[in-house]
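Feature annotations, reproduced from TrEMBL:
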- 1-347: domain 'Major facilitator superfamily (MFS) profile' (DOMAIN)
- 12-41: transmembrane segment (TRANSMEM)
- 111-137: transmembrane segment (TRANSMEM)
- 166-186: transmembrane segment (TRANSMEM)
- 206-226: transmembrane segment (TRANSMEM)
- 233-252: transmembrane segment (TRANSMEM)
- 258-282: transmembrane segment (TRANSMEM)
- 294-314: transmembrane segment (TRANSMEM)
- 320-343: transmembrane segment (TRANSMEM)
Amino acid sequence: MIILPPFRLRLNGWGTIIFSCFICIGQVVFALGGIFNAYWLMEFGRFVFGIGGESLAVAQNTYAVSWFKGKELNLVFGLQLSMARVGSTVNMNLMGWLYSKVEALGSAGHTTLGITLMIGAITCILSLICALALAYLDQRAERILHKEQGKTGEVIKLTDVKDFSLPLWLIFIICVCYYVAVFPFIGLGKVFFTEKFGFSSQAAGAINSVVYVISAPMSPIFGLLVDKTGKNIIWVLCAVVTTLASHMLLAFTLWNPWIAMCLLGLSYSLLACALWPMVAFVVPEHQLGTAYGFMQSIQNLGLAISSIIAGMILDTRGYLFLEVFFIACVSLSLLAVVFLYLVNRAQGGNLNYSARQREEIKVSHSE
């Protein structure tokens with residue numbers, strides 16, 4: 001769930017603090033639901049957590065495009081993804097161990113779960129502390145550098161959507177169709193590798209998590225690569241084609257799935273570094289919060305709908321048809337990339353400028 005302020009609220013200042021508070025409260029309520037064996041309370045906690053988490057991602061992106069411009073932006077988004085995937089990997093490998101340690105101390109059943117989740121809330125508190133520090137540094141920078149971020153006279157509002165350009169809508173389509181073929185697949189992948197390839201549960205889990213393991217170190221590397229070369233659309237095209245090849249290998253061959261999943265991990269890392277920064281190239285600064293919020297919202301909507309569809313296909317048709325569904329989604333993303341390339345070329349080609357061209361334009365504008 002995304003909350004976009006319809007009033008003049010600094011999305012990357014107070015917004016970050018407020019959404020971090022939502023995350024802390026949501027996680028604590030979620031943990032209390034486990035301690036008291038109240039499932040409804042756990043659901044409510046996750047609801048509150050979701051409000052903060054998704055909106056915080058928008059605020060984080062707004063911070064990134066406010067502090068970093070041009071060729072630096074791809075590396076920044078790569079680092080963001082890298083840290084997120086480090087967190088995911090640590091969570092997947094640590095929480096089970098932590099649960100067993102709490103259980104060994106004498107707690108039982110739902111109490112063990114609740115205490116484990118409450119320990120996890122410590123990371124949410126650390127996130128809130130970082131949000132407070134970042135808000136202070138941002139205000140300090142504005143005062144020293146005489147910046148007027150968020151005070152352009154424009155109001156962040158959902159009616160900005162009607163002014164979004166065709167390239168931005170194509171970026172949205174690429175985002176939704178691509179991630180639909182990644183996250184739901186990872187959610188169902190463990191059983192897929194067990195049934196089709198005969199792996200043990202532990203081996204299947206290792207293969208399934210390799211996408212996140214690869215993306216943690218490779219995202220900043222790819223971000224730096226895109227920064228040095230430019231050509232964002234070409235890199236997005238490479239990522240989508242590689243993902244399509246990965247799903248086709250999984251669907252129609254019996255090759256070792258490590259190959260396909262490593263390709264998927266590399267392409268997933270590359271796409272995030274090249275795609276998300278393009279929003280800042282086609283949207284006025286006062287609309288960036290709305291644009292990133294809308295992009296995150298439709299991505300989540302697409303993931304919610306596709307997860308239901310994927311489950312229905314899996315129950316009625318099996319994994320082959322499920323892979324065909326994912327291949328169709330990536331193919332739609334590929335068509336959108338090609339269309340974006342043609343539209344961008346007709347409009348001047350700024351999304352596919354080389355790093356040198358962007359630097360020359362930046363210098364000419366500063367003179």
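Glycine is treated like the rest: Cβ placed from N, Cα and C.
Those TrEMBL annotations? Automatic predictions, nothing curated.
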Interface-richest range of 111-137, 233-252, 258-282, 320-343 toward the transmembrane segment (206-226), CB pairs under 8 Å: 258-282
Distal contacts, the transmembrane segment (294-314) - CB-CB under 8 A, six or more residues away: 1-2, 4, 54, 57-58, 161, 164, 171-172, 175-177, 179-180, 183-185, 187-188, 276, 279, 321-322, 325-326, 329
Long-range neighbours of the transmembrane segment (258-282), counting only residues six or more past its ends (CB under 8 A): 61, 65, 73-78, 81, 165, 167-168, 171, 174-175, 178, 182, 207-208, 210-215, 218-219, 222-223, 225-226, 232-233, 235-236, 238-240, 242-243, 245-247, 249-250, 288, 291-292, 295, 350-351
Per-region confidence, the domain 'Major facilitator superfamily (MFS) profile' (1-347) (mean pLDDT, whole number): 85
